[in-house]
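Here's the structure we're looking at; comments come further down.
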Amino acid sequence: MVKKLGLNFKNTKTSVSELKQRIVFLIVAIIVFRIGSFIPIPGIDTTILSKILNNQNGTIVDMFNMFSGGALSRASIFALGIMPYISASIIIQLLTLVYPTLSEIKKEGESGRHRINQYTRYATLILALVQSIGIAMTLPNIAGIRSIIINTDFYFYLIAIISLVTSTMFLMWLGELITEYGIGNGISIIIFIGIIAGLPSAIGNTIEKTRQGDLHILLFLFILLLIFSVIFLVVFMERGQRKIVVHYAQRQQGRRIYETPSTHLPLKINMAGVIPAIFASSIVLFPATIISWCKVNHEWLTKILFYLQPNQFLYLILYISAIVFFCFFYTGLVFNPRETADNLKKSGAFISGIRPGEQTAKYINKIMLRLTLVGSLYITFICLIPEFMRSAMNVPFYFGGTSLLIVVVVIIDFITQIQTLIMSNQYESMLKKANLN
């Protein structure tokens with residue numbers, strides 16, 4: 001009895017200790033990331049650059065600056081953030097559909113996953129190099145102001161490119177360490193921290209505006225109610241699933257026939273996650289950003305720039321269309337109904353009233369199309385709420401729809417990871433107790 005109590009106490013202590021270690025590691029990693037976001041690239045007058053980039057509201061620069069926790073506006077070594085890694089991951093996923101060799105590697109299990117990760121790292125290095133060269137070459141010519149660069153010689157470009165590339169690779173490595181030794185997905189955590197870095201000052205500014213009477217108290221309360229409602233909707237939709245009941249063939253042992261219990265195939269409503277919102281924002285904002293950087297006095301370019309500004313009708317149409325397109329595109333990329341149907345058939349599973357194989361694939365695909373349509377409408381709604389708040393009601397809204405989605409999804413994943421860690425430790429404890437008996 002005493003031995004059992006001692007083992008139970010030891011297992012509980014080990015579980016709490018492991019959770020503490022992971023949380024401490026996560027906090028240290030976050031501190032390292034935030035410190036790095038304040039280290040400037042050598043040779044840049046960050047004060048002038050910050051003033052210039054503050055005028056880039058509603059452009060792709062503004063979005064990347066938020067994802068990097070303000071590192072871009074400070075010309076920090078972390079200015080590229082983790083975006084090259086995200087782009088590289090999506091490119092590699094696309095290539096697995098085009099090249100059969102990569103598709104076969106992906107199916108090799110743990111070894112295949114390791115090789116795909118290596119290819120993703122190489123692609124990240126290439127993208128980071130290209131983007132860092134672009135930033136280094138663009139910085140001296142932003143808005144035609146050359147005074148932000150103290151000395152525009154060869155060594156400035158070399159140091160800037162090396163600083164940006166190595167910092168991006170460091171962030172990728174830090175994200176992988178967080179995934180392994182911390183809690184949650186490391187890359188998502190880094191993006192999450194970057195987004196919420198400016199949240200305290202935004203809350204303070206909103207409260208100050210309310211206190212001074214610039215923002216009506218009822219409007220302030222409405223904003224709070226809206227935020228909580230949106231968070232509730234995001235949690236509900238992200239946790240929502242369509243469960244398809246799956247049966248297994250009867251198992252015969254000797255003369256007896258055993259009925260195998262049925263299970264279900266869970267299909268998420270929003271299978272694409274936040275990727276469609278990120279890609280849609282990037283693509284729609286990119287042309288306007290490039291035009292605003294180029295000092296070209298063509299009337300037709302000025303008109304294009306005007307119509308591609310946030311809250312303009314053309315911008316909203318393109319934005320909504322891009323979100324819906326990428327929802328269907330990315331869902332088709334990460335989920336293959338035919339492959340799922342083949343796996344069910346191989347394991348002896350079937351859906352009641354549906355023939356295994358081709359008919360099952362068509363049935364699953366039909367359900368996925370409906371779920372993706374609902375998911376795309378949900379993401380579009382979330383992404384348009386901040387636009388409506390800013391334009392129609394002239395309300396300061398710190399989060400964009402993309403950022404709000406990322407924040408809530410990462411928090412959900414973080415809580416799930418903690419619950420999983422606690423449950424796995426409790427399960428191990430139960431197994432040890434059973435072996436002791």
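Each position is counted from 1, following the chain as shown.
Cβ atoms are placed via backbone N, Cα and C, with glycine included.
If you look up Swiss-Prot, you'll see 23-43, 77-97, 125-145, 154-174, 183-203, 217-237, 271-291, 315-335, 367-387, 395-415 marked as transmembrane segment, on the strength of sequence analysis.
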Query - Outside the transmembrane segment (154-174), six or more residues from its ends: residues with CB under 8 Å to it - result: 29, 32-33, 36, 41-44, 77-82, 84-85, 121, 124-125, 128-129, 131-133, 135-137, 139, 186-187, 190
Query raised in the report: Under a Cβ pair cut-off of under 8 Å, which of the recorded stretches 23-43, 77-97, 217-237 contacts the transmembrane segment (271-291) most often?
Result: 77-97
Requested in this report: Among 77-97, 183-203, 315-335, point out the range having the most Cβ pairs under 8 angstroms from the transmembrane segment (23-43).
Outcome: 183-203
Query raised in the report: Which listed stretch (77-97, 183-203, 367-387) has the most C-beta pairs under 8 A with the transmembrane segment (217-237)?
Result: 367-387
